[in-house]
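Undergrad: Mind having a look at this structure? Questions to follow.
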């Protein structure tokens, strides 16, 4: 019954769209991570390509700005030998009032095989997935506050790379959880993979009330939240999504919740520090931590290419 209800899976329980980590079986999440591990060596080859998506057309539709996600999706698709089309939304018919579904219908008429979609409206990738032909696939590159599944997966890949097993890990997610689609995807992924304890850390104004129901421990002080942690995932303040005075100031936030080398000593000595980017140095994290030996922020970006290669190759290989 789970497979039939989940719009990401076909009747055989195979992944045909990646819309959210929520509801994905553990074996599919693990399969994506295992597949990504096989792709990490591609970047070391003289010819950085494999032929898995040769002849396929991948359309990147980013209705919100992006640097890391858009670029790594483009690199990933090209390394899979796909033809990549980056739609310039600012110059597209979307600015002339064309609806999202009409945009998709017209691009589908151009023989699109896979849409990578980032949109400010939660649920936009789901809507698209409901209206594309059976051979067309949709990957969510971030929708509103809802989900950012490939970021969640690359975060899990990073954690597994450095920590191997989730069963004994304590992971803290710190910062603007309220507006973070990454936090939600990370929480779903961590709980699916059997992480021992997930902590959500931030001021009451930036932690949604439903967090406890997601199986996490809520902490409102950084000291409590990161004490004896194995992994710390820092989140930026998403000022562009804030409509009210949720914080006194960025300086006050850094004083209370900013991760400094001194505060990092509360975590385990071999703890790793992660961040989905973009980083705001001196707001949620000190430069000395970003550039320090416990930071794995740049490896996250590198692993993101392999993870996105894995996702696209898997969904494109399955039919609805």
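Glycine residues also receive a Cβ, built from the backbone N, Cα and C atoms like all the rest.
Dumping what Swiss-Prot says about this protein:
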- 68, 69, 118, 148, 151, 277, 278: carbamoyl phosphate binding site (BINDING)
- 96, 181, 236: L-aspartate binding site (BINDING)
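On this model, are these features tucked inside or out on the surface, and what's nearby?
TA: Annotation note: residue 278 (carbamoyl phosphate binding site) sits in a coil segment as assigned by DSSP.
Sequence-distant contacts of residue 236 (L-aspartate binding site), defined as residues of its own chain at least six apart whose C-beta falls under 8 angstroms from its C-beta, comprise 175, 176, 275, 277, 278, 279, 280, 283, 284.
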Undergrad: Assuming the binding residues for carbamoyl phosphate are exactly those in the record, 68, 69, 118, 148, 151, 277, 278, what is the maximum CA-CA distance in angstrom, rounded?
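TA: Output for carbamoyl phosphate binders 68, 69, 118, 148, 151, 277, 278: max Cα distance 16 Å.
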Undergrad: What number of additional C-beta atoms lies within 10 angstroms of the C-beta atom of residue 69 (carbamoyl phosphate binding site)?
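TA: So the number of other Cβ atoms within 10 Å of residue 69 (carbamoyl phosphate binding site) is 25.
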Undergrad: Got a sec? Which of these binding-site residues, 118, 148, 181, has the most Cβ atoms within 10 Å?
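TA: Most Cβ neighbours within 10 Å: 148.
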Undergrad: How far is it from residue 151 (carbamoyl phosphate binding site) to residue 181 (L-aspartate binding site), counting Cα to Cα, in Å?
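TA: It is 9 Å, counting Cα to Cα.
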Undergrad: Let me spell it out: for each of the binding-site residues (277, 278), count the other Cβ atoms within 10 Å of that residue's Cβ, using every protein chain shown. Which one has the most?
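TA: Result of the Cβ crowding comparison: 277.
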Undergrad: A 10 Å Cβ contact count, applied to the binding-site residues 68, 151: which residue has the minimum?
TA: 68
